[in-house]
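One structure below.
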Amino acid sequence: MKNIRNFSIIAHIDHGKSTLSDRIIQICGGLSDREMEAQVLDSMDLERERGITIKAQSVTLDYKASDGETYQLNFIDTPGHVDFSYEVSRSLAACEGALLVVDAGQGVEAQTLANCYTAIEMDLEVVPVLNKIDLPAADPERVAEEIEDIVGIDATDAVRCSAKTGVGVQDVLERLVRDIPPPEGDPDAPLQALIIDSWFDNYLGVVSLIRVKNGTLRKGDKVKVMSTGQTYNADRLGIFTPKQIDRTELKCGEVGWLVCAIKDILGAPVGDTLTLARNPAEKALPGFKKVKPQVYAGLFPVSSDDYESFRDALGKLSLNDASLFYEPESSTALGFGFRCGFLGLLHMEIIQERLEREYDLDLITTAPTVVYEVQMTNNEVVYVDSPSKLPPLNNIQELREPIAECHMLLPQEYLGNVITLCVEKRGVQTNMVYHGNQVALTYEIPMAEVVLDFFDRLKSTSRGYASLDYNFKRFQASNMVRVDVLINGERVDALALITHNDNAPYRGRELVEKMKDLIPRQQFDIAIQAAIGNHIIARSTVKQLRKNVLAKCYGGDVSRKKKLLQKQKEGKKRMKQVGNVELPQEAFLAILHVGKDGK
């Protein structure tokens, strides 16, 4: 056991986590050169296309160190995006140490900090690594100082390497083996194994990634899930070297995978503890704190026949992604679907794309909203996650919106632009610290503004140098209103949005103008209106298509023309009473982009 090392790799987006993992796998001979490819751990197509890591992946390797001993390294490659931070915290729970990878050109960024603090809170040994020293812009001395300044860990002798060229990766491994403590645990105690992650395989059922904390798990053992008390047979178990390799047992301190032929998706929840049925452990291991979704959106299948398969797909996906929340919802405009909760907009995009790809569904998404806290006039407090559920205005005593605490790190020269952006987003500055050339800014910004397009705008105003990390702070009373969209006098529930009173006329006008371009012209006028309660704040009209009834009149009496026009008018009026308007899919997406184009 003293030769086992469990560690994660944490870093900001694009600082080279996955490339470093590739090199480590190569040095330890986990894959032959023929099987090796770039970013071998990013196995999802989506991850390869976007060049980001979404799921944490684990690998077990054997490394022969310079002291002649052979060490077993279990390491987990983690995502860097703020939307997937729960993946990181789950991975860290299975480790004793973490490699903090920092780009020697870019320096410390917000995500580096956030993930590093998570690791320190969990009492992990953090080993700083300066990556990308082959770049002409690399300045390892300055970055080492920055790490000490901002993060507060000693980085004077931090390992320097270039994961791309492979320089110094050997030193990283040596340092790892030296600094990261071996796992603690009692191999003879009753089995306790933590479920770090699980996913659904069409042939095997539920596959779980587990970390054995105490005891030993052997093939054929009867295991019990502590939270539900159900027992299963351990049919197959083993490790990833990134390939799935079968083993006969997983010893104390090891990380591996387990198949118990669980067909029920809820059979082995993430964060649960497994133990042996005949000799159970006293108590479960502390799991993970549940993450609360920050953004909600409705997802509806385009054709209602897909509803069943959509429900199954969501179930399988939520097994793999513990932070996805969903409940059934129905809408008059879109039929039956689900209200889903996500950690952020990127998360929402990824989930939608995975559903469409992996399960072959066509989906419509409604505009994302955050959760509002509403105090009713009878002092009851309700939480509203969709504009259509907002109670009537006369029943609301106070409406509170969620405020996010945003930590930003950026170079000094972009400070002005970023502050302007934060103020425009109704932000309040709470802290500002200078670290050399970097500025650490803390703002409290309404969550609704953060999830809309704050991240994109922050990146564009700072030319990509600013980085952001945010978390939910509290609910705060605010003057929010619901803007309804009426089409020919009928409310369309899927198009409603909740916005701040000051922005309402502007958001309403913009939405109405956008919709006007998207709804195809009909044989009669279509009035598109935006309203707060019964007060109309904006209107535009999609003009009717009409035949020129006067084409056959040459000269002649004006009353003849009037008669024809009058007749046409009456026909259109009749048509308008019976006609209904088809809304194209783009109309629902229009809401997403309100307030984006250069405003």
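Each residue, glycine too, has its Cβ placed from N, Cα and C.
Straight from Swiss-Prot, the features:
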- 2-184: domain 'tr-type G' (DOMAIN)
- ASP14, HIS15, GLY16, LYS17, SER18, THR19, ASN131, LYS132, ILE133, ASP134: GTP binding site (BINDING)
ASP14 (GTP binding site): tally of other CB atoms within 10 A of its CB: 15
Cβ atoms near GLY16 (GTP binding site) (within 10 Å, other residues, all chains): 24
Packing count at SER18 (GTP binding site) (other Cβ atoms within 10 Å of its Cβ): 24
Of all C-alpha pairs drawn from the GTP-binding set ASP14, HIS15, GLY16, LYS17, SER18, THR19, ASN131, LYS132, ILE133, ASP134, the farthest apart lie at a distance in Å of 17
Conformational class of ASN131 (GTP binding site) under the three-state DSSP mapping: strand
